[in-house]
Amino acid sequence: AILILAYSILCVVSIFGNTLVCYVICKNKRLHTATNYFIANLAISDLLVTCVNVPFNIARNILDDWPFGIVLCQLVNFSLMTSVYVSTYTLTAIALDRHRVVLKPFTTRMSKTAAAVILIAIWVVAVTLSLPYGIFNTVKEVKFFVSSAQRCSSEFPEPKIFFEKYLTLATICLQYVLPLTLIGIAYGRIVRKLWARTHVGAVTHTQQISQAKAKKKSIKLLITVVIVFALCWLPLNLYHLLTDLHPDPAVFPYNSNAFFICHWVAISSTCFNPFIYCWLNEIFREELLAKLRWCLKRS
């Protein structure tokens with residue numbers, strides 16, 4: 001019951017936050033920039049996770065069964081992995097774009113066409129990398145003493161153990177380790193650049209204090225982005241490492257409660273991402289607060 005409530009809260013917060021993000025970007029022409037297109041794409045992928053994967057996980061937890069058939073079994077897992085890849089690669093694209101803007105401030109800003117091409121490439125790569133999670137998923141019947149239940153689970157080709165291990169390892173590297181490394185390097189260089197940058201005209205003590213505060217705020221926000229991304233996905237990746245790659249499966253057997261808790265923590269990143277990235281954009285933040293005030297007045 002607690003886990004179901006937690007999933008429900010996550011679902012409501014994520015849908016509200018990400019829908020509001022998409023609405024604000026669509027309705028305000030001054031937000032039609034490459035960076036905000038990345039933010040909108042992140043919100044869309046997070047909505048896909050929230051609207052497709054989370055409801056079926058709630059139903060599976062309540063029913064302790066999978067009555068939805070093989071097509072939805074494959075679609076739910078495939079869409080989840082696609083969304084996860086899109087989210088992480090979009091986060092990486094945002095970090096690399098910010099890295100280019102901060103370290104090379106006089107270069108031409110990314111055009112909307114270039115951003116669209118990058119987003120299409122992200123979706124194509126995400127779909128390609130997610131195909132094994134759709135193709136090799138099926139519905140199995142598990143028999144108990146007096147009853148049976150349907151389970152949506154993986155059915156890998158022979159040799160199954162090696163296929164599962166290599167797929168898990170490749171997924172963790174491509175979905176977690178590589179993006180996190182790139183994000184960490186990009187934001188690390190941004191932090192050093194911001195800290196070392198000197199401002200012409202900062203001659204008064206008040207100006208120096210103001211600039212120091214601005215630097216610290218930017219650094220805190222950038223570090224928060226990396227920490228949230230790393231912490232949200234760390235438990236689920238560790239769980240898969242222990243259950244799929246440990247030489248003795250009996251030591252770390254599959255545990256549904258442990259999996260759903262780790263899964264919830266990972267999916268909770270869909271709630272944090274919109275607000276973190278909105279907070280980095282002053283114009284976006286102003287528009288978002290204006291829409292919130294308008295919604296409150298209407299209600």
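Placed from the backbone N, Cα and C atoms, the Cβ positions cover glycine too.
Small disclaimer: the values here were computed from a predicted structure and weren't measured.
Record features (TrEMBL):
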- 17-277: domain 'G-protein coupled receptors family 1 profile' (DOMAIN)
- 6-26: transmembrane segment (TRANSMEM)
- 38-56: transmembrane segment (TRANSMEM)
- 68-92: transmembrane segment (TRANSMEM)
- 113-136: transmembrane segment (TRANSMEM)
- 166-187: transmembrane segment (TRANSMEM)
- 219-238: transmembrane segment (TRANSMEM)
- 258-280: transmembrane segment (TRANSMEM)
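Residues of the same chain lying 6 or more positions beyond the ends of the transmembrane segment (68-92) and with a Cβ under 8 Å from any Cβ of it are 38, 41-42, 45-46, 48-49, 52-53, 56, 59, 119, 122-123, 125-127, 129-131, 133-135, 137-139, 152, 171, 174-176, 179, 182-183, 225, 229, 233, 266, 269-270, 273.
If you average pLDDT over the domain 'G-protein coupled receptors family 1 profile' (17-277) in this model, you get 83. Of the two recorded stretches, the transmembrane segment (219-238) lies close to the transmembrane segment (258-280), with three or more CB pairs under 8 Å once pairs fewer than 6 apart in sequence are set aside.
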